[in-house]
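Chemist: Pulled the feature table from TrEMBL, pasting it below:
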BINDING   A:His83, A:Asp94, A:His192  Zn(2+) 1 binding site
BINDING   A:Asp94, A:Glu129, A:His384  Zn(2+) 2 binding site
DOMAIN    A:214-313  domain 'Peptidase M20 dimerisation'
BINDING   A:Arg217, A:Asn277, A:Arg290  allantoate binding site
2 protein chains.
Amino acid sequence: MLVNPISETNQISAMIEWLASFGKTESGGVTRLLYTPAWKEAQQALKAKMEEEGLQTYFDSVGNLFGRLQGTENSGTILTGSHIDTVAEGGKYDGAYGIIAGFIAVTRLFRKYGAPKKTIEIVSLCEEEGSRFPLTFWGSKNICGIYNLNVAKKIQDTDGIAFLDAMRASGFDPQHYTPPVRPDVKKFVELHIEQGMVLEKNEKAIGVVTHIVGQRRYTVRIKGESNHAGTTPMQLRKDAVSAAAEFISYLTRKAKETDPRLVATVGQIDVKPNVSNVVAGEVAFSLDVRHHQSEVIEQYCEDIFAAFERDAAKMGVGVAVTKWLDAEPVELDRELAETARSIAKQQKIAFQDIVSGAGHDSQIFGPFCPTLLLFVPSQNGISHSPKEYTAIRDLETGILLLENILYKLAYE
Amino acid sequence: MLVNPISETNQISAMIEWLASFGKTESGGVTRLLYTPAWKEAQQALKAKMEEEGLQTYFDSVGNLFGRLQGTENSGTILTGSHIDTVAEGGKYDGAYGIIAGFIAVTRLFRKYGAPKKTIEIVSLCEEEGSRFPLTFWGSKNICGIYNLNVAKKIQDTDGIAFLDAMRASGFDPQHYTPPVRPDVKKFVELHIEQGMVLEKNEKAIGVVTHIVGQRRYTVRIKGESNHAGTTPMQLRKDAVSAAAEFISYLTRKAKETDPRLVATVGQIDVKPNVSNVVAGEVAFSLDVRHHQSEVIEQYCEDIFAAFERDAAKMGVGVAVTKWLDAEPVELDRELAETARSIAKQQKIAFQDIVSGAGHDSQIFGPFCPTLLLFVPSQNGISHSPKEYTAIRDLETGILLLENILYKLAYE
């Protein structure tokens with residue numbers, strides 16, 4: 001295994017810090033949401049860096065950024081990269097690492113070997129997390145022809161800003177939208193942090209992802225009656241907060257009973273009027289459910305929503321459930337996975353197969369073209385947090401593997 | 001009983017609408033919080049109206065507004081009024097009615113009988129609800145010498161605005177603060193809407209309040225660990241939202257089991273980071289507990305906080321409880337209550353004794369000077385809501401009774 005010069009290891013760490021400076025927060029994390037100024041600055045800065053290395057760069061009509069290394073043959077494009085957006089108060093590696101890894105691997109290949117046979121493009125996907133608007137994979141779904149402007153027309157963020165207005169304000173005018181589909185893309189390779197504890201526990205440097213879990217996200221809205229906290233007897237209340245508490249306790253318990261690999265999360269709660277001396281009249285909460293088998297998700301959701309309806313009737317409140325994300329489990333390309341394993345073996349990199357509990361752009365590309373997703377370890381499994389961390393040695397191992405894989409796919 | 005001319009009934013209804021215009025919201029409610037522009041405009045408008053009627057007006061150093069009808073004797077002051085602030089999205093009657101009733105009763109007495117023997121003052125108390133800052137009864141507690149600037153020094157609202165800055169910005173400079181205590185006040189009489197359903201159910205026009213419940217308000221803070229909603233197994237989570245849901249379900253159940261007249265409310269919840277695909281690391285919720293017996297409140301709180309500690313340990317989260325309001329139950333003046341009853345009998349007004357589940361400025365004045373609190377009915381018991389309503393006939397009955405009581409206290 002090639003030992004990389006210190007300067008190259010420094011390059012990785014410097015680029016991680018550099019990209020994290022766009023949207024840096026007081027707690028040392030990163031908040032870089034779709035179509036915000038920090039998002040735009042990051043994309044522009046990446047574009048400039050790619051151009052410095054001699055790549056052709058361009059944006060598509062939704063804000064995905066591409067850095068292109070033209071191939072000598074006219075035989076399609078090998079795409080590598082990840083997403084530029086973060087969750088609120090996220091870490092420096094989630095999504096960013098895959099873009100930086102692609103940049104470093106591709107520029108190293110270019111410097112060592114010149115132009116490839118097949119065109120290679122690095123992509124900085126505009127949005128994946130669903131952390132600003134109730135839409136996810138906006139970048140990859142547009143490329144794969146699954147989304148277009150229609151799904152975004154009525155969407156707004158929690159400050160009431162319309163999606164299309166935000167898009168326009170950051171320089172991507174909806175009027176100039178054309179579906180940015182890419183039939184030339186023949187393979188997609190993504191490098192990402194694990195965001196779990198398995199690789200670290202098993203002392204592996206690389207995870208070869210075989211499946212990505214299916215997931216559903218809902219908004220549950222409870223309608224009670226707001227009233228005076230002092231003069232309304234308990235038995236006469238239609239308290240949306242009490243009802244929400246009952247539902248949330250129930251769904252958490254039920255998830256644990258159903259399957260140890262099922263996860264169900266209420267991450268966001270919105271109470272109206274949200275004042276200490278007023279019985280709450282309305283509560284909306286988010287629900288995020290994931291498992292690698294559709295049937296398990298389906299049955300669990302059916303059970304809990306039936307229970308909500310029954311309990312709501314007893315409590316005299318109304319309940320309405322809206323689903324806004326529904327992603328099927330995805331199995332990734334077996335041949336590419338095998339390529340990754342054999343190169344890792346050759347390079348004496350410790351690896352294992354793994355299932356991803358997080359959604360990734362790879363699950364969108366998966367049905368569209370042969371796709372490979374590789375993980376590097378996350379310290380303590382922490383992600384979506386300023387404490388997110390991966391050791392530089394592991395970051396470097398991932399880039400080395402990616403470089404070798406891209407060589408095989410585009411130069412051989 | 002004097003039948004009031006139509007013009008006087010119109011006056012009440014016109015004043016209710018007029019005062020409600022300061023801080024009117026889209027839903028038809030009122031949001032008029034301490035030291036905001038709407039609050040200031042309302043006070044200035046009231047001041048002008050009082051001056052038109054020949055009253056001397058002045059503000060004390062915290063923003064309580066007084067309209068004074070000088071007595072011929074030098075034998076102290078009879079004070080009547082209520083609070084000018086509202087909850088967010090409150091109604092038009094809560095607090096406002098007591099100020100308007102005082103204004104109408106006093107100006108009628110002045111027009112009919114000239115100057116009283118004892119000085120009468122109408123007060124528009126600056127703050128009572130605790131709806132902007134975590135402080136309540138700021139107006140009455142300053143008058144009664146219970147609060148001064150010290151309690152407000154470190155307080156801020158949920159937008160991070162410091163109490164003293166807001167006070168200064170609305171024209172009440174903390175530098176010029178002097179304790180606005182009033183040893184001249186001999187009696188306090190407050191007219192207020194019931195904010196409950198009892199008078200309406202019993203077809204009574206007036207409630208003579210014998211006791212005001214004790215109440216406590218807490219902030220409960222739960223500290224877990226924010227993490228990825230997809231890759232963090234349920235059994236390894238320290239989910240602050242799940243913990244909050246368990247605590248809230250428990251305390252609601254426990255309140256119902258303890259005593260049918262105990263009320264416990266979680267009205268406000270704040271989740272961090274409050275994003276759908278992140279397990280919540282922190283939750284803070286408010287808890288409001290009320291009963292007319294201190295021992296009942298004490299025991300209930302002891303029990304639930306002990307349960308929170310035990311459950312928190314099991315769930316691997318931290319819990320911290322801070323009390324920020326603690327008001328003892330208050331029994332009001334028996335002689336004044338008897339005066340009200342006998343005048344109501346004379347005037348053939350249907351009345352009953354009642355306990356108040358809501359806090360009122362009367363509970364602050366109660367230990368300070370003989371205090372009388374009278375209720376008029378609330379339609380469907382609704383309050384703290386744009387739907388808050390009291391029939392004009394009931395508003396008028398209250399004013400008539402107040403007028404007669406003030407006559408007895410100040411003119412005889």
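Placed from the backbone N, Cα and C atoms, the Cβ positions cover glycine too.
Those TrEMBL annotations? Automatic predictions, nothing curated.
Bear in mind that the values here come from a model prediction, so they are computed numbers and not experimental data.
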Chemist: Using all protein chains shown, find which of the binding-site residues A:Arg217, A:His384 scores highest when you count other CB atoms within 10 A of its CB.
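Modeler: Highest number of other Cβ atoms within 10 Å: A:His384.
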Chemist: Using DSSP, tally how many residues of the domain 'Peptidase M20 dimerisation' (A:214-313) sit in helix, strand and coil.
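Modeler: So the domain 'Peptidase M20 dimerisation' (A:214-313) is made up of 42 helix, 31 strand, 27 coil.
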Chemist: Starting from the Cβ of A:Asp94 (Zn(2+) 1 binding site), draw a 10 Å sphere and report how many other Cβ atoms land inside it.
Modeler: 26
Chemist: Quick one: give me the count of other CB atoms within 10 A of the CB of A:His83 (Zn(2+) 1 binding site).
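Modeler: Here the count is 28.
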Chemist: Of all the binding-site residues given, namely A:Arg217, A:Asn277, A:Arg290, A:His384, which is spatially nearest to A:His83 (Zn(2+) 1 binding site) at the Cα level?
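Modeler: Considering only the listed binding-site residues, the nearest one is A:His384.
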Chemist: Counting every protein chain present, what is the number of Cβ atoms, excluding its own, within 10 Å of the Cβ of A:Asn277 (allantoate binding site)?
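Modeler: The answer is 24.
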Chemist: When you measure from the Cβ of A:Arg290 (allantoate binding site), how many other Cβ atoms are you left with inside 10 Å?
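Modeler: Result for A:Arg290 (allantoate binding site): 27 other Cβ atoms within 10 Å.
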Chemist: With 8 Å as the upper Cβ-Cβ limit, not reached, which of the binding-site residues A:Asp94, A:Arg290, A:His384 neighbour chain B?
Modeler: A:Arg290, A:His384
Chemist: Tell me the Cα distance separating A:Asp94 (Zn(2+) 1 binding site) from A:His384 (Zn(2+) 2 binding site), rounded to the nearest angstrom.
Modeler: 8
Chemist: Around A:Glu129 (Zn(2+) 2 binding site), how many other C-beta atoms are within 10 angstroms of its C-beta?
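Modeler: A:Glu129 (Zn(2+) 2 binding site): 26 neighbouring Cβ atoms within 10 Å.
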Chemist: Using A:Asn277 (allantoate binding site) as the reference point, find which of the binding-site residues A:Asp94, A:Glu129, A:His192 has the shortest Cα-to-Cα distance to it.
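Modeler: Considering only the listed binding-site residues, the nearest one is A:Glu129.
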